Structure formats: C-alpha cells, structure tokens
C-alpha cells in the first residue's frame with residue numbers, strides 16, 4: 001500500500017514538473033495525425049516559431065509579476081507604443097542597436113510607472129496595468145495620428161524575415177532573451193527573492209527582502225522584454241502599427257500559466273514558459289490548418305487559460 005502511494009506521489013511530481021513538455025508532445029502528435037506532412041513541413045514549423053517569438057519574449061517578462069504574485073495587463077498596448085518609437089527611429093535611419101535601445105527605454109519607462117504605482121503606491125496590479133494598457137494605446141495612436149509608420153531599410157526588416165542556421169533571427173532573439181531571463185530569475189539572489197515574495201510576501205519581508213524594490217524591478221524587466229518584442233514585431237510587420245498587439249498580454253499570460261506558473265505566485269520556470277509559447281503557437285496553427293473560425297479560436301484560447309488556472313487552483317487546494 002505504501003509503495004503504491006509513493007509511486008502515485010512520484011507520478012504526480014513528474015506530471016507537474018514536466019506537464020508543459022507533455023502537453024507540447026501531445027499536441028505535436030495530434031497535429032501530425034490530423035494534418036500529417038503539411039503540419040510537419042519545415043516551413044510551417046519555422047513559421048510557428050517566428051510567430052511565437054514576440055509573444056514568447058513578452059511572456060518571459062510577464063513571468064516576473066506573475067511569479068511575485070502580481071500580473072501585467074499592459075503588454076499588448078506597450079508593445080504597440082514601443083513599436084511606434086522603434087519605427088520612428090528606423091525611418092530616421094538610426095542604427096539597429098540604437099533602435100533596440102530606444103524601444104527598450106520606452107518599455108522600461110512604462111515598467112517604471114507600473115512598478116511605482118503597484119510597489120510604492122499600493123495600487124492593485126490589475127488596476128495599474130489596466131490603466132497603462134489604455135494610456136499606452138492612446139499614446140501610440142496619438143503619436144502616429146492613428147496611421148502606420150513605413151519606410152524601413154532592409155537590414156532592419158531582416159530581423160523579422162530572415163533566418164540564421166535554419167532558425168528565424170526572431171527565434172534566436174527569443175532564445176537569447178530566455179537565457180538572460182533564466183539567469184536572472186533562476187540563478188540570482190534577486191530571482192530567489194521574487195519566488196520568495198510570491199510564496200509569502202510577509203515572510204519574505206521579515207527575512208530582510210526589500211519586497212517593494214523587487215516588485216518594482218519586476219515590472220521594469222517586464223517592460224524591457226516588451227520593448228525587445230516590439231522591435232522584432234515591427235521588423236516582421238515592416239511597419240509601426242499603433243493598433244497592433246490587441247490581446248497579446250492575454251496570450252503571454254496564457255504561455256506563462258501553460259508553463260506551470262501559478263497566479264498565486266511563487267512558481268514558474270523559464271523553460272516551461274518557452275514550452276508554453278510553443279504550445280499556444282501549435283494550438284493556433286493547428287486550428288488555422290483545420291480551418292476553425294478565428295472567433296472560435298479566441299473562444300478556445302480563452303477556455304485554455306481558464307482551464308489552466310482552474311487546474312492550478314485544484315492543485316493548490318488538494
């Protein structure tokens with residue numbers, strides 16, 4: 001009896017630890033059966049990775065607020081705002097590193113505002129980032145007069161369209177960001193503090209952790225990641241579109257939750273968030289290949305995040 005219970009416990013641990021990759025493998029298998037060669041074509045797989053790079057990078061940043069027990073609903077609007085500034089910089093023929101820097105600074109500034117109101121103003125994360133969602137979108141539309149910004153040089157556009165060693169440049173940027181975020185979140189004292197705050201903020205404060213500063217920096221990092229994602233998206237679209245990014249924050253949050261993070265905070269791994277981004281990408285790609293209506297796709301994506309949160313809630317109460 002004890003052996004069977006121990007085996008059951010070990011199985012539950014394995015499923016919990018590797019749930020993201022198990023779901024990913026199941027989806028790949030299902031699509032391979034349903035669509036066969038058309039799904040497994042290298043062009044289709046590369047397209048999935050290219051499409052998900054932007055959402056994946058945003059998701060990496062949103063991990064910090066979620067792991068610490070907060071949230072960030074401003075990602076989609078901030079990516080539009082950062083993209084507008086990136087587009088203006090490209091049209092002015094500024095070099096690519098400077099384009100990235102400008103977008104990152106704008107993203108970081110939105111994070112500073114979010115972080116200040118949440119960490120030091122005690123404004124609920126939901127309200128503060130909802131306000132930023134509206135403000136950033138309005139600013140993007142105001143700056144551009146609701147028009148797209150075009151006229152990019154080829155080297156910049158190559159970020160969103162070209163490949164290196166068989167993978168899109170956008171995917172390499174995603175990988176680089178994943179490595180950086182992994183080091184920060186899972187290999188530094190600051191990252192340990194973020195997990196501790198998400199687990200029990202009061203205990204973390206008693207142990208000497210500067211909870212306000214850590215939370216503040218989490219939103220700044222989220223903004224920086226969104227700035228990087230904005231450059232990749234702007235290059236891929238070959239224009240600065242102030243209306244782009246609708247519901248990107250929900251897709252990014254879905255990636256984090258699918259990766260096993262908890263809305264209550266204290267858990268979540270970078271590699272699983274990467275898997276979460278791929279899961280969402282394959283799900284959307286699969287529904288498109290199966291000719292499922294785009295509105296129904298939105299319903300399915302909404303259902304996925306609700307189910308993921310429900311299962312997480314059940315795990316915490318068991």
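Note that Cβ sites are derived from N, Cα and C of the backbone, with glycine treated the same way.
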Residues flagged as transmembrane segment in TrEMBL, choosing from 196-215, 216-235: 216-235
For the transmembrane segment (98-119), sequence-distant contacts whose Cβ falls under 8 Å of one of its Cβ atoms, 6 or more beyond its ends: 70, 72, 74, 78, 81-83, 85-86, 89-90, 125, 128-129, 132, 136, 156, 211-213, 215-228, 230-231
Considering the transmembrane segment (73-91), which listed stretch of 48-67, 164-185, 216-235, 270-290 counts the most C-beta pairs under 8 Å: 216-235
